């Protein structure tokens, strides 16, 4: 771990603690919200402990559903979900699966096919369309999430007896920047200032580790909810919760298991009755409601009955479902949850026996087969049973809210999260120059000096990428900006300081400064930026492993070419400088060196696709001409360079 990381960690500790002193007066009571795909939960740190707050129906978790009745009345939570089967086209859910994504996203297109409500394309963003009274209205996923957040705000205010304006909201660890920004926007729409976005497995680790602050432990959090899946590996040591590695899938959860059951029963009905019930939205939603109940029953029973009155065209439906059949239908999905577990183990460098505790979070971890797979992976190690999987994330968010608002008994907790992907910029030859490696603790800030690639270059373009491959063409483009007004100077002379800064919410800001003139420019990678889908993240990581040898060869070739080019131009500049080397050589010697450098430059222009060995040979040829001449001046030493070499933009 480098010096800059230690400094970042230390500063975070100070900022967290000093923040506490003034937070209470500024924010009032800060609540913690777990904004889930299928259910949401709210908590508050009060009287020295976390209170998970029940809604007006007495339930501690609230469905993430919004509906509009025939007369335009808006229903949120239990009331909305309860009328799903009678009003399917005007009942909205799954906003979390759409938020921050493009309309043409593969997962979005797959989800649209099973929704009873319409999803329309508005500027390549998915909008959820319903009938509100006499008019049709399209809602952005942020708006629907905002309605759910406003319900959680209302639940907290009813319990506290005071207005709530600030919150900590959780998101899946693998949410990208666009999804995080969109979640913050949803909070603002709901009248909440989202002080912090924290990762769900990290929040769960806080819930687990709050009473274990004095011991050092390695914790693996396995968070499988209704629509998303995360795995994070953390260390807990003296109140410091540090994420070591994270992985996951923002499109895997209990709803996918339900869909497998729905597909199975639809086929079964068609086989027996010769009719397709998918043409009737009400029938499908009735079936969805019953398979969800059956799935829950099968967590404790080995068999159950799916019984639905008047399912389709006046006919009742009754079919058995066993736990074995449920597991068979979802076998591939269940087993796919182990891939991110393997990934975080690999990234952390820890062995299975190094894991002190496994924390299961999210309602889907109640499925016995999931528990069995995790247990077997860790050599029959029993997962921790100390926390409620439905409430753990909101619990941790409430603790973090307490830290921010200055509540006593939380001041010694420090939360250190990580960025899930490497961030960097493109340098000469299309090389991905990494500034912030994957799994770096955030918040973090990293700067590096670069220079120009051509003489008298007035502008440099900073192109920002994320990904694990050595070449930018294989990574994901985030954005770009120009730094202009660079005074005329030989290539390699200007000093351009590029700074990457990731804040506590995982949001990236990139700036560039010409150290000579002080001129600056920057970009914030925000919700308008086309950030990665989780599938692209997983593909990049897999590709990085698959093509690692090929990548090394390509990178070596570009580096050797850059070395040759830098040497040729550096030598030319030095022999022109009469104050230095140029003043100590004869005209014939200067011409010999310049001709050799020009020949190397011309060869590179004529051979852009040359192999690594060819570049090395050309460099050796150039050195064989230059070395004997300058060795007389420097007693056999290599020619001096003007300064420490800098990568070129």
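Note that Cβ sites are derived from N, Cα and C of the backbone, with glycine treated the same way.
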- Note on the structure: Of 642-645, 646-649, the range Swiss-Prot tags as motif 'Prevents secretion from ER' is 646-649
- Task: If we count other C-beta atoms within 10 Å, could you say which of the binding-site residues 299, 365 has the fewest?
- Result: 299
- Item | Neighbour-count leader, CB within 10 A, binding-site residues: 293, 296 | 296
- Task: Check each residue in the chain of residue 36 (ATP binding site) that is at least six apart in sequence and keep those whose C-beta is under 8 Å from its C-beta; list them in sequence order.
- Result: 61, 64, 96, 225, 226, 227, 393
- Task: List the residues of the same chain that sit at least 6 positions away from residue 39 (ATP binding site) in sequence and have their Cβ under 8 Å from its Cβ, in sequence order, or write 'none'.
- Result: 61, 62, 63, 64, 226, 363, 390
- Item | Coarse DSSP state, helix versus strand versus coil, of residue 227 (ATP binding site) | coil
